[in-house]
Amino acid sequence: MLFFSPIYFLLGFFIIAFILFYFFRKQFDEKIIPSNMLWLEAVNEWQASPWLKKLQQNLLFWLQLLALLLLLFALVRPFWLGEELKGSRLILVVDPSASMLAERDGEPVFEKAREKMLSLAGSLAGQEVTLIRAGENPEILLSGEKEKAAVKKSINDLEITYEHENMTKALQLANSLADAKNSAIYIFSDGLEKEAAAALDEGNYTEVHNFGKEGQNLALLSFGVVREGEGIAGGAAVENQSAEEAAFSFRVLYEGQVLFEQEVEIEGNGQSVIQIPGLPEHPYYKAEIKADDAYQADNELTAIYNEPSQKVIAVGSISPFVLKGFETWGAELVQADPSTAAAGEEGIYLADAGSLEAAEGRPVIIFNAETGREKLEEPPVAADDPILEHVEAENIFIDSSYEPLKGDWETLLQSGGRPLIQKGTQNGTPALLINFALEDSDWPLQPGFPVFLYNAYQWLAAQSDFLGYFSPGEEKWLNAGAGSGSLDIYNDENENLYSLDLAKENFAAPYKPGVYQAAAGEEHYFFSVLLDDREKAARHASSFTMNDKRASNVYEEKEQNGLWFWLALFAFILIAAEWEVFRRGNRI
């Protein structure tokens, strides 16, 4: 217990004086002595302890003394401090990433972070609280809230989102919300390094609570399947992230049925590649590590088997370089007349800008070289995308480019702000757009050109046959369910999770990694949510504080000194009782 005004304890001398005055007050007590034979004995007993007798027999004295004590304590204003909080405005930043599921002392570190936040919420004394979830796109869950109950409810409602935390954006947001005078930022994570936090420091008081702990961890880095002859073959890579040798069981399953199992041993800080032959054909496969490590979220991966179309259909004026490039790696190539192609077979279409009607409703590579030609002055700059993997785009020479078509496009290759290669949708179907003439480039002569065509083919085939792979909570536009506009999402246990109206909203993937199914009328699409590679390791770091002297302790007087009111109220009740006793003349 602490006292806000301890100087008022000096008034205790008046209470001592009150007791002394009462002892020396002259008073007479009537005594009935049945016989003068006992008079001497009664007088001797009374004189032996007169003060105690007086105290025991006077109710008014006790009421007055207790009232004075209560008033004294009301003046010194006692209070209790819980956990010390800095700042009049508190900004809580919580890490919702998958690595927060790593266990420490038998409990996920996310739950330890929640307990710490609830403890801080219990110590609030009128401060404003803002709660930020530091996901891939940081989100404000609570803003300027003063009510403890509302703060605790928001903290209890927090859940892991499995996405990689974006502390850079989260701290930038927190600093922008901070009051320059007296704000405090509290960060709850598993392994935020001091150097990373210091690089974003803007002078606000900051407490970083890291709950991660170093321990043994096995991570399933990758898993995939391909057709091999009449069956399906797969491969997986596992990493041992501790210094000690580890042994575990590796399994491949479909709907709970074990299709492949192997006991594996990995040396400390080593990796192992597991070959998986002879799998029966299924729509998807789940690989898992059965090991007793502290972080289980990176022990599972799913792979969807997608049998790509083997046919490439060319309509319109397509460069011979393109046709030769597809034949290089064995694609089945068909050249069709634009007037009859629309009623032809399914496949990946190649079309120029004048033949798009023939490819309507099908995945297509569009060679756009018709209008808006402009000479390029700068070398191409490539985005980090699987379609351009191993293409070496920086070595390509392109003389000029053309104005891109209208559509929902993402630029993969550009020069001086001019888009050269784009991916996206054209009339609601996946498409790749090439905004330059191959005759104006040396690209067809480079070994990376057929690699690009293969990557493009694989991307379009995947987009057309299944929804694809998503990061946790990822949102994107999809053409699935175009007829009904409604999409129902199911997990691998056939439980309906939620529904989407694609006419009004984008597709939003679930947060938990795994395989899912989207149903649009009679059509069903498999898709997989994958854990970010940056989350395939349990992290740890020490907690620390920055700018310790920047914010001061602030408690609102109403909250901090609320006890004095009740003490004064009880003192008033005792005074009223003492007055009533005095009025009636009651004495014991």
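Every residue gets a Cβ built from N, Cα and C, even glycine.
Straight from TrEMBL, the features:
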DOMAIN    1-78  domain 'Aerotolerance regulator N-terminal'
TRANSMEM  6-24  transmembrane segment
TRANSMEM  59-80  transmembrane segment
DOMAIN    90-191  domain 'VWFA'
TRANSMEM  563-582  transmembrane segment
What residues elsewhere in the chain lie close to the transmembrane segment (563-582), defined as a C-beta under 8 angstroms and at least 6 residues from its ends?
59-60, 63-64, 66-68, 70-71, 73-75, 77-79
Could you count the residues of the domain 'VWFA' (90-191) that DSSP puts in helix, in strand and in coil?
38 helix, 31 strand, 33 coil
Mean per-residue pLDDT in the domain 'VWFA' (90-191) works out to 91
